[in-house]
Each structure stands twice: as structure tokens, then as C-alpha cells.
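Input: a single structure, listed below in C-alpha cells.
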Amino acid sequence: MHTHTAEKPHMSELCEKSFDRKASLNMHMLIHRGEKPHICDVCKRTFSVKSKLNTHMLIHTGEKPHMCEVCKKMFTQKSTLNNHMRIHTGQKPYMCEVCKKMFTRKGHLNSHMLIHTGEKPHMCEVCKKAFSLKSSLVKHMLIHTGEKPHMCEVCKKAFSLKSSLVKHMLIHTREKPYMCEVCKEMFAQKGNLNTHMLIHTGKKPHMCEVCKKIFTERSNLNRHILIHTGEKPYMCEVCKKTVSRKSSLIMHMRIHTGEKPHMCEVCKKMFTEKSTLNNHMHIHTGEKPDICEICKKVFTRKSSLNKHILIHTGEQSHMCEVCRKMFHLKASLNKHMLIHSGEQSHMCEVCKKMFRLKDSLNKHMRIHTGQKSHMCEVCKKVFSVKCHLNNHMRIHTGEKPFTCEVCKKMFTEKGGLNKHMRIHTEEKPYMCEVCKKPFSLKSSLIKHIPIHTGEKPHMCEVCRKMFTQKSTLNKHMRTHTGEKPYMCEVCKKPFSEKTNLIKHMRIHRGEKSHMCEVCRKMFTQKSTLNNHMRIHTGLKPYMCEVCKKMFTEKGSLNSHMRTHTGEKPYMCEVCKKPFSQKSSLIKHIPIHTGEKPHMCEVCRKMFTQKSTLNKHMRTHTGEKPYMCEVCKKPFSEKTNLIKHMRIHRGEKSHMCEVCRKMFTQKSTLNKHMLIHAGEKPYMCEVCKKVFSVKSYLNSHMHTHTGEKPYMCEVCKKPFSQKCNLIKHMRIHAVEKPRV
């Protein structure tokens, strides 16, 4: 009987490997001859040794008879369990004689030794790339064949390598078998643990020769080097976009394939990237793990916190050598440098527009393709750029993360804060080349330029009106379509423009932050305050080019111009009557609806508009808030004061063509003309008496209603008509006091 000794008398003639048994040598020789007589009946794979076939069969049966006593993980082979146990024991019995690196397995040592010898005996027949390990060649061949034989049973994702499938399964099992001995943090993969350990050791063995930045991993250094070389070796076969990393290409391809392999276990939403899923999970957990120690602001991402910290430290370690401008981030400096170099190497194939950055070109291309791949889950609005969607989401969340340090006003976007700061700094960096007028915003300068060029390239297809900007045309079109896409969440009032909604919201908040220094009146908007100030200053900066009449507001001038052009862009849908002013159309509508929603609490009279009710109330209160500066006569309505002022100026610009009589107001002339025409269009519904002027009819109606709204301040006698009150007042004027 053969006895076991240290002696191995049976040696292979080919590789000089020794065996203690002849049978073992015979089995070994099958490797050299390439003979594999043992075949698997399930998958037809062949083996040189029967024992290897037996072990292989456990894959098909699913049998794992060997269990780890520490973590209870099961294995098909005893040898695999033995190797696994070294994870827990930390035992590494195999040492490299060259660099003294330790390994848990002999196979790992053998593979490692090829690094020192430089030997790469295994060559790909397709691309001639050489590999030190046969296993590496086998993995590489899958690139050419496209074969992905390993499928996840949970999500059906396929992998070319078994090891990739094993790593992938940890996503579903959430298993993290590798633990850091220092801080007890768990990891799903050994490589991640090794990388993590460098945090505790402080070791960063790989340094960039260009900028001296150091990295814990060689792979990270290799990726970093591409920043300096500008190399982007990975190209998308669909859209030809190039990226510096293979992982970036894989993630990019999901845009085209629509693949979203990462699913939220709570709401079942799918994501293209694991990192996006991790960030999404904070919505459900409410977790914001990274907090700024200075201002206590919390962040869901560590990278966001790191960038935020630079605001407090003021650290701007990257300086432009040309203009000395400082930047927080190296990437920001790199982009900035393209301004000085003037380099615009990326051209749009459609419109030939040039761009400094490839990313800017890619975003621009979406204008031509119409691609909008980012959708808001709340309102379903789509965006071509992810950052635009992120900014849009703040409308729904109400988040305003950017605060003005001067007035504490909050903003949803950094750009909005930057623009706002120019109010405090009074910075106006954009200047018109023609008139040298400075502007704080570039958009304001762009809007200003057509004043000099007279260019109005955008025409309304309905009324043929021309506009300098497309955005203005879009807003104008809503006057024809009646579209009001912006709705107040409080009172449901719709608006055609977002700016009007923002202004309207201040009514509900009661916000009036702008005060007149003269009369202490408060306003919700700065522009309204500016217009109000012209009452005190008398400033009228807007002049009509036709009649030279001056106006305090641009809107008033625009409205006035329609008296010269005859333009009436607002039409009643019922009777087709056109109006020059939108407010006139709004006032007109209740004629058809008969609606009078505003009632006087004193006399129960109904009104179509709130403003008319307010004016009417002054007949009861006697309030006359508008006073003539010349004769101190008070008026209940501003329009009456304006008309009255013409008496003092002696202004009578409206003449009757028949009798040459002059009038201060066009409306008075129109009423006067009815005398010559004999026209009396206003009829009393009670007695059928007709009148040439509406005010005469109103006065007449008091005889039927018995209403006497005009009261003598001296004797309290009421009158139905104002003219009778005026006549009555003469009685008191001639009275002499009794002695």
C-alpha cells in the first residue's frame, strides 16, 4: 500500500510538477494533452478530471453543502469555503518573493507574479491584445461576441461575467460581507473595503505628474489624467458623443435604450443610475445625512456639501493667469479659460453656431431635435436639460436655497440671486454701444438694442403686429387665444403672464415692502412705487411723438397711442365690438352677462365692477380724496380732478365744428354734438323720455327711484340732482348772520 511521505517521486516531463501518486500524474497529463473525457449532461461542458465534473454539477443542482460558521454563507466546494474563511481570519499564507505582497490564494499569487515578469502569454485572435491571465482573455472575448450568459433571476439583467452577476446580486440581497476593522463600516465588495481603508491609513500612493494631485487608487489617477490630455476614448455608437470613462458611456447609453435598472423599493420608481436612486431614497427616509457645521444647512449629497463649504471658507484656490479671477473649482476655471482663448471648437452641423464646450453644443442640439427627455413628475412639463428640471421642481417644493445677505430675499436659482445682487451693488456691466446706456442684465440690453435698429422680426399672424422679441410675441398671442396658463393657488385667478401671477400673490401675502418716503404709502412692487413717485415729482418721462402729450407711465403712453393709430386689439366675443384697452373690454362684458356682483351695503345698488362700487360709496361717505392744488376744490374721483385742472390751465383743445364752441374734454364735445344732431340715444325705461347724455338720464332716474344722493352740508336737505344742490347752496351764500 502506498504511504504518504514528503517525497513526490512522480514528475511531469513537460512542466516538472511533482506528484506523490502515479494516478495524480496521469490526471495531470490530461491538461497537457488537452484531453477532457468527462462531459456534463446538462450544459455539455467538458472536464479533464471526474472530480471537477462532480464539483461542476453542483451548479446545476444548486447544492451548497459547505457552510461558513461565521456568516452562514453556503458554498459548493470545501476549497472555496477554505478560501472564504480567510476573509474572516485575515490569513494570507501566500507571499510574493519580489514585493512581499500577501495573498489568500495561490492562484492570486500566480496571477500577481505575471506583473513582475511582464509575461502576457494569452492573445486575443480578433484584436491581438495580449493578457497575462487566461481568465482575462476569456472575459475580453465577450466584448467581441457580445455574449452575456449570466442573467439575474430577480430583474433579468444579463452580464458577460459571472463575477459581475455576483456583485450585482448584492443590490438585491443588500448583503455587505466585508467589514472595516477600524470603524466597523460594511461593504458589498472587497475592492470598496480596500479603498475605504486608505482613509484610515491616509495613504495616497498615486500622484498626477501634471498638477501633483494624489489619489488612493491607480484607476482614479488614470481617469484624472484624461482631464489634462482631453482624451475621450469612449464613443456612443448612436449619437457619436464621446466620454472619458467607460462607466459614463454605459450610463449614457441608457438614454438611448431607456434602461432603468435601479428600482425604488418604496414607490417602484425606476432610475438609470444607482446614485440617483440613493439620493431619491432620502425623500422617503427624510434623511439628509450631510450637514454644514457653520450654517446647519443639510444636504443629501456629500459632494453638494463640499461645494457649499467653499461659500463659508471663501476658498478660491484656482486663479486665472490672464485676468486673475479666482474660482472655487478647477472645472470652473477650465471653462473660464475658453473665454480668453476664444476657442470655439464645437460647431452645430445644422445652423453652424460655434460653442466652446461640447456639453453646450449637445444642449443646443436639442433645439433642433426637439428632444426633451426630462419630465416633471408633478405637472408633466418636459425639459431638454436636467438642471432646468431641477430648477423647475423648486416651483412645486417651494424651495429657495439662495439667500441675499443684504435684504434676506430668497431665490430658487443662483442666477436669480446674482442678478438681484446688482440692485444692491448698482453694478451695470452691460452697456449699449450706441447710446452708452448701462444695464444690470444682459437680457435687458438685448431688449434695448431694437430701439436703435428699429428691427421687429416677429409678426403676429392674427393682427400683423410686429414685435422685437419672440417672447413678447408669445405673450401677445394670448390676447387672441385668451390663454391664461398661470393660476393663483389661493383664489384660482388665472393670468396670461407669470410675472403678473407673482405680483398678484403679494396681495394674498399682504406684502408691501416698498414705501413712499413722501406720503408713507406702501406698495407691493418697486415699479409701482417708482410710478407713484412721479405724482410728487411731476416727472412725465414718456412723450407722445404725435401730439407731444406727456405721461408718467409707459403703459399709459402705449394706451394713448391707440387714439392716434385707431388700433383696437381687444374684441368682445359676443357682439364683436372692438376696444383699444383691455380694461374697457372687461368693463363691457357685464352688459351681455348682466352680472353685477358688487353691492352697496347702504342702498343695495348693484355694480358690475368693484372700482365703480368704490366710487359710488363716496356718495354716501362724502369722501373726496382728490384735491385741486390751485383752488383746493376736492373731488371724489381722480378723473374729475384731471378734467377740472383744464379750467385753471385754460385748456380747451376740443372744438365743435358746427358752432366753434371749445371744450376741455372730448367726451363733453361728443355730448354737445348730440344737440346739433338732435340725437337722444338714452331712454328712460319707466317713462320712455329720451336724453342726449347718459348723465342726464341718470339724474332723471332719481325722480322715479326717489333717491336723493346729494345733501346740503349746511341744512342737511337732500336733492336728487347735483345741479339743484348747487342752486340751493346759493341761498346759504347770500345769508347774513343775525345781529
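Using N, Cα and C of the backbone, Cβ positions are placed for all residues, glycine too.
What TrEMBL lists as domain 'C2H2-type' is 178-205 (among others).
Marked as domain 'C2H2-type' by TrEMBL: 206-233 (among others). Averaged across the domain 'C2H2-type' (206-233), pLDDT in this predicted model comes to 74.
Taken from TrEMBL, the feature domain 'C2H2-type' applies to 234-261 (among others). Here the domain 'C2H2-type' (234-261) has Cβ contacts under 8 Å with residues 155, 157, 223, 226-227, 270-273, 358, 362, 373 of the same chain, all six or more residues outside its ends.
Sequence annotations record features per position, and here TrEMBL assigns domain 'C2H2-type' to 262-289 (among others).
Residue counts for the domain 'C2H2-type' (374-401) under DSSP, helix first, then strand, then coil, are 12 helix, 4 strand, 12 coil. Per TrEMBL, the feature domain 'C2H2-type' maps to 374-401 (among others).
TrEMBL lists 430-457 (among others) with the feature domain 'C2H2-type'.
The domain 'C2H2-type' annotation in TrEMBL covers 486-513 (among others).
Within the chain, the domain 'C2H2-type' (514-541) has long-range Cβ neighbours (under 8 A, six or more residues past its boundaries) at 503, 506-507, 550-553. Taken from TrEMBL, the feature domain 'C2H2-type' applies to 514-541 (among others).
What TrEMBL records for 542-569 (among others) is domain 'C2H2-type'.
The domain 'C2H2-type' annotation in TrEMBL covers 626-653 (among others). If one looks beyond the domain 'C2H2-type' (626-653) by at least 6 residues along the same chain, the residues whose Cβ comes under 8 Å of a Cβ in the stretch are 615, 618-619, 662-665.
In the domain 'C2H2-type' (654-681), helix, strand and coil residues by DSSP number 12 helix, 4 strand, 12 coil. Residues or ranges marked as domain 'C2H2-type' in TrEMBL: 654-681 (among others).
Look at TrEMBL and you will find 710-737 (among others) tagged as domain 'C2H2-type'.
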